[in-house]
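K.L.:
Pasting the relevant annotations from Swiss-Prot:
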type	residues	note
TRANSIT	1-29	transit peptide
REGION	178-208	region 'Disordered'
COMPBIAS	198-208	compositional bias 'Polar residues'
MOD_RES	Lys263	N6-succinyllysine
MOD_RES	Lys263	N6-(pyridoxal phosphate)lysine
MOD_RES	Lys339	N6-succinyllysine
Amino acid sequence: MNYARFITATSAARKPSTIRVMTEILSKAPKSVISLATGAPNPNTFPFKTAVITIENGKPIQFNEQMMKRALQYSQSAGIPELLSWLKQLQVKLHNPPTIHYAPTQGQMDLCVTCGSQEGLCKVFEMIVNPGDNILVNEPIYSGTIHALQPLGCNMINVSSDEHGIIPDSLREILSKWKPEDSKNPKKNSPKFLYTVPNGNNPSGNSLTAERKREIYELARKYDFLIIEDDPYYFMQFNKPWAPTFLSMDEDGRVIRADSFSKVLSSGLRIGFITGPKPLIERIVLHIQVSTMHPSTFAQLLVSQLLYQWGEEGFLGHVDRVIDFYRKQRDALMAAADKWLSGLAEWHVPTAGMFLWVKIKGIHDVRKLIEEKAFKKEIFMLPGCGFYTDSSAPCPYFRASFSSASPEQMDLAFQRLAQLIKESL
């Protein structure tokens, strides 16, 4: 892979931060070293001394004074070593990427910890998107991605999708406007990457099948573009066996994968991780060095302590319990939809994630119905227009989340919505 052609001029100009490099060196230095170089504050001046955090299905996590001093201090930009090590082992267990044993320059698998996967994705976009670049997305698309990409001035080309995710034939038709060799000619402006949420897509709830992923990956090889696999709902797939990931079939080192603990451990701790070819991960870390500097050391240590206590089996056991909860929540929302919205709307049952994507029949644009009328009836959902690059266009869809409401609340919400729809027709 020629990674240089994907890197923006701004990203290519980034150099390692001297102070951040020093932090890395000092973390590996023997304790006998007398450091007069660090700009880190003296931890003895910090007011927080100890903490004990109780854990469901586990022993309390204790931060003694020494651990607390480390937790409150600066740390390495790529992530603390023990968490990086655990996560790399997890990725090998779950995905077994072909690139594990590649040479570093040839796309060897690497990863870094980020302040949630959203930060990681923003760093990826900053690294590879130039104004005018053509990139491939599938609408409806996560609104956070739209708002991250639009200011960068790229051209977002929509690839059609259905309840099984991106339609390969649609992607093939779009790509037919270029020749495979056009990727070597910057003037041809062939697509630089495909962005996709393969499981429980937010907002549509659809999930890519293994067969479609293989077709898409082969097209990526043919036309030489990257795949950004944004998979925050990977640990919320309701049906087993789980479909193989793009990372698991990445023979070329062209997949950048974003994972998150936000949905299964904590959304507020802001711990995510980006996995991909080493030359690109190293460049993402350079972006981190001059922005957030590193994810919260405290949050990383807390998550790391939990994961080492649980082990992989314990963590995946917790994931299964989370899945059981959300499956029941989904089923409750489906029951409410079947009861009240049949004949008034249409939808597909989500196989992952926490969202139901609903199209109201007979109403060209549901924005006013959802934003104003429904809110007056004390039900709150999101109109679908916010998940399209042209948010001003009429849209008959809305997104309903089944993460927090009780089954009784879901039933009441859809009962009220059904009445509003009937009044609006």
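Every residue number used here counts from 1 along the chain in the order it is shown.
Cβ atoms here come from the backbone N, Cα and C positions, even for glycine.
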K.L.:
Would you pick out, from the modified residues Lys263, Lys339, the residue whose Cβ has the largest number of other Cβ atoms within 10 Å?
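P.N.:
The largest 10 Å Cβ neighbour count belongs to Lys263.
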K.L.:
State the non-local partners of the compositional bias 'Polar residues' (198-208) in its own chain: residues 6+ outside its ends, Cβ under 8 Å from one of its Cβ atoms.
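P.N.:
Distal contacts: 138, 140, 142, 161-166, 216, 229, 231-234, 236-237, 242-243, 245-246, 348, 350-357, 382, 384, 387, 397, 399.
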K.L.:
How many Å separate the Cα atoms of Lys339 (N6-succinyllysine) and Lys263 (N6-succinyllysine)?
P.N.:
28
